[in-house]
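Undergrad: Please read through the structure below; I'll follow up with questions.
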Amino acid sequence: MLDFFTIFSKGGLVLWCFQGVSDSCTGPVNALIRSVLLQERGGNNSFTHEALTLKYKLDNQFELVFVVGFQKILTLTYVDKLIDDVHRLFRDKYRTEIQQQSALSLLNGTFDFQNDFLRLLREAEESSKIRAPTTMKKFEDSEKAKKPVRSMIETRGEKPKEKAKNSKKKGAKKEGSDGPLATSKAVPAEKSGLPVGPENGIELSKEELIRRKREEFIQKHGRGMEKSNKSTKSDAPKEKGKKAPRVWELGGCANKEALDYSTPTTNGSPEAALSEDINLIRGTGPGGQLQDLDCSSSDDEGAAQNSTKPSATKGTLGGMFGMLKGLVGSKSLSREDMESVLDKMRDHLIAKNVAADIAVQLCESVANKLEGKVMGTFSTVTSTVKQALQESLVQILQPQRRVDMLRDIMDAQRRQRPYVVTFCGVNGVGKSTNLAKISFWLLENGFSVLIAACDTFRAGAVEQLRTHTRRLSALHPPEKHGGRTMVQLFEKGYGKDAAGIAMEAIAFARNQGFDVVLVDTAGRMQDNAPLMTALAKLITVNTPDLVLFVGEALVGNEAVDQLVKFNRALADHSMAQTPRLIDGIVLTKFDTIDDKVGAAISMTYITSKPIVFVGTGQTYCDLRSLNAKAVVAALMKA
């Protein structure tokens, strides 16, 4: 039983609607428009919203959308056939009204389609019932019944063919295994000192000659290996005795006192002064304002200039024929026209580090968007498909929700509470480093920051954050802010409960008047269930305002696996009724990938969450905001 069936234009005008139940279809259809049609995710023709499954079909020639909704627990096999039949009949019946392409004509038009729809629905339901149920196969129809009984009888004296073959192979192996016995018999002759050879009346076969030479080779080289092992063992203690203490070039030394960073410090005490160069640590550029990401390089500009030179020397006749090649003269596009172009686009996206499944879905979405669309006279299929793919990629990189941290922090200040951000991700992606960059950005904007060291597992994690805190304190000393401590580290050492440390840090920040709390967590693989349970507990207990997933720009298919399993683990291990999932993404190591920026597409497509920050270097100023058009331009570059 269908819940609803609606037909509307891409401009938003509802032309006709069938309501099977009393509930309104507005909510599910609006969710389909927001999450699929506007986000260019039309690769799959089905969409799930709460308890409903929605299937849709796009008519690009007349700019129409056909949507049917039914309960997702039902398995309705006739839905696809019903959509096709309704689409064909509605388009043919009201072709003249639709072709006028004016909102006024569509509003004034009368689309009396109720009786035709009920007839098509009845025919589709009956066609699904007409199919005869599958009957079990009888023994007479099987291949075993066709064999004679004599072929299936085995006597004790006979062996099957397969067993006979195996026995032959075993016999051949046994013949080969007689070699060691022959060698053991031939040993006394060799021990007696008699030379073995044809001159002494003892003839050797080829196998025995090979065996003798092999034994001589092993004996000769085995002795050499033993000598070399003895020499290395004897030289080892000498090298240990000669080793001199290391002297560092940058002014350090190997004394225990100089390398000891484990002196206990209580929370709330000011950090020691920094002896390093502050300008090198800070980097260049405005720290309080995030610059847009720039994916172009000087090499690309030089290559573009060089590529334009030979094109100018071509003849005008050849250029004219090249321009006219591939033009489509006012015809509607079909799948066959776009197939070769989409295959090349898919391979290009995969080469740019886009996950393979997502590249396939993107190309399928573009095909559904363009199928049946009428092209202009001077438009090529390649340029049309490329332009549609670029528009889809820009739309994907601009998700529904935009994260504005500064506005949210000021809102939390008015409520007199700290703004809490939790960082999570796999091992080695740069969570602590980018946490320090974001801390510097917040300090430049005048907000005080408390860093909570909740990575109680990795050795050196607390010391790394202490170093960053000392450097940030040197860049923003209390003297510049009226004696107020702008950045501080909250830590309880190693081996403690991360959720408890985060809770204490938030309470400490509330009492001391800190604006922001940045919670650093331990890196964990997405398949590690105990660590994922601990992360879900930390997020559920402390309810942070923002959960950021930190991921590398170097990954391809792994990005999809990481994000899907992180979200699934947070949902499965959460104790809340509505579990808290990932709110945004921090993309790191973007300066190492050149133009292979596909990880940004993969992460945004799979989560529908925005990329809030992009890490592009090793100084505190190397933090950027995502520029969707620049990323798409780098992605589409050949």
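The backbone N, Cα and C atoms fix where each Cβ goes, glycine too.
It should be emphasised that the depicted structure is a prediction, and the values quoted were computed from it without experimental measurement.
As listed in TrEMBL for this protein:
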REGION    132-244  region 'Disordered'
COMPBIAS  137-146  compositional bias 'Basic and acidic residues'
COMPBIAS  153-165  compositional bias 'Basic and acidic residues'
COMPBIAS  204-239  compositional bias 'Basic and acidic residues'
REGION    281-317  region 'Disordered'
COMPBIAS  304-314  compositional bias 'Polar residues'
DOMAIN    610-623  domain 'SRP54-type proteins GTP-binding'
Undergrad: Averaged over the whole of the domain 'SRP54-type proteins GTP-binding' (610-623), what is the pLDDT?
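TA: Averaged over the domain 'SRP54-type proteins GTP-binding' (610-623), the predicted model reaches a pLDDT of 90.
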Undergrad: Count the residues of the domain 'SRP54-type proteins GTP-binding' (610-623) that DSSP assigns to helix (H, G, I), to strand (E, B) and to coil, and report the three numbers in that order.
TA: 0 helix, 6 strand, 8 coil
Undergrad: Can you count helix, strand and coil residues in the compositional bias 'Basic and acidic residues' (137-146) using DSSP?
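TA: Helix (H, G, I), strand (E, B), coil: 7 helix, 0 strand, 3 coil.
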